[in-house]
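The structure appears below as structure tokens.
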């Protein structure tokens, strides 16, 4: 009996290892799917809100984090499957870090909502892609992410693409909108890209600090982090809504909405769900990879959003916008190629050492 149990032990260990690997792959795939849905769908539904008569900036900002209670569902499932029944997993210092990041996210949401209220989705998506450049910069400063010629090339291409949009803005301005409002939306969106470029490395830094003093970060902790960030981001926007009297204006705005009152509320709820998909997917990408990986995935999804904006909103797609998109994709390919080459070089060094 003793011999049989000893012989079956390696097989059991292999099975456990294989099960953990399959679980991780499943979570990575699920995380990628919800990030794709959130990244491509959220700007479209928010732009729909403004196109059909919505005007409340703070409300649209609130919607980007207001769906945070939805995270309780996967968090509960994760808790029931976990052997560690401690709740919560996060430390007080991590809680404070997430609260601060949540407030920054609330401010970023406001900047983004302001920008997309005046810009076509195709334009705002290309401008937001510049967050990869700012993510790379802040990742270098905060988490010592190494710069390579490929990542520098990616940053330069993204900046040039955004500059081209600014120069060729005359044919992109929505009908009936002043140049002042267009440029205000333009720079607000750039501001949102800068701030989100800071948020992503801050999330990664928080996870790294937690791992140094406690156990490795697990996906359940990632969900707890997003829950706290969502709560404080929503609290920030709630204050803005109260000051701006958005709560009292919702019923009136719903009544005047071009698609009807019922569809107005569907748009609001849909927006909240889409943005939760985006944020949970983004934090998951940081957990499984890095802040830069999250930025890269957002960048590569730009063409999908561009096509959907042209199809659903009949947005013009000028030559300048096409060149800017090409530069953004070139920047992405440059970064991704550099990462693959760097990984192979590290594997070669490790193999010879």
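Glycine is treated like the rest: Cβ placed from N, Cα and C.
What you are looking at is a predicted structure, and each value in this text was computed from that prediction instead of being measured.
According to TrEMBL, the features are:
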type: TRANSMEM; residues: 27-51; note: transmembrane segment
type: TRANSMEM; residues: 57-77; note: transmembrane segment
type: TRANSMEM; residues: 89-107; note: transmembrane segment
type: TRANSMEM; residues: 119-143; note: transmembrane segment
type: TRANSMEM; residues: 150-170; note: transmembrane segment
type: TRANSMEM; residues: 182-205; note: transmembrane segment
type: TRANSMEM; residues: 217-243; note: transmembrane segment
type: TRANSMEM; residues: 263-287; note: transmembrane segment
type: TRANSMEM; residues: 292-313; note: transmembrane segment
type: TRANSMEM; residues: 319-337; note: transmembrane segment
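Scored by C-beta pairs under 8 angstroms, the transmembrane segment (319-337) has its highest count with 292-313, from the stretches 182-205, 263-287, 292-313.
Taking residue pairs at least 6 apart in sequence, the transmembrane segment (57-77) and the transmembrane segment (292-313) share fewer than three C-beta contacts under 8 angstroms. Same-chain residues lying 6+ beyond the ends of the transmembrane segment (89-107) with a Cβ under 8 Å from its Cβ atoms: 61, 65, 195, 198-199, 202-203, 206, 209-210, 213-214, 218, 220-221, 224-225, 228-237, 279. For the transmembrane segment (27-51), the residues of the chain that approach it from at least six positions outside its boundaries are 60, 63-64, 113, 116-117, 120-121, 124-125, 219, 267-268, 270-271, 274-282, 284-285, 288, 297-298, 301, 304-305, 308-309, 312-313, judged by C-beta separation under 8 angstroms. Contact between the transmembrane segment (263-287) and the transmembrane segment (119-143) is not supported: fewer than 3 Cβ pairs lie under 8 Å, counting only residues 6 or more apart in sequence. Taking Cβ pairs closer than 8 Å, the transmembrane segment (57-77) reaches residues 42, 46, 49-50, 102, 105-106, 109-110, 112-114, 117, 220, 223-224, 226-227, 229-231, 233-234, 237-238, 240-241, 243-244, 246, 250, 268, 271-273, 275-276, 279-280 in its own chain, all 6 or more past its ends. Only residues 6 or more beyond the boundaries of the transmembrane segment (119-143), in the same chain, are considered here, and those with a CB under 8 A from a CB of the stretch are 43-44, 47, 112, 151, 154-155, 158-159, 161-162, 165, 172, 174, 182, 185-186, 189-190, 192-194, 196-198, 200-202, 204-205, 208, 290-292, 294-296, 298-299, 302, 305-306, 308-310, 313, 315-317, 321, 324-325, 328, 331-332, 335.
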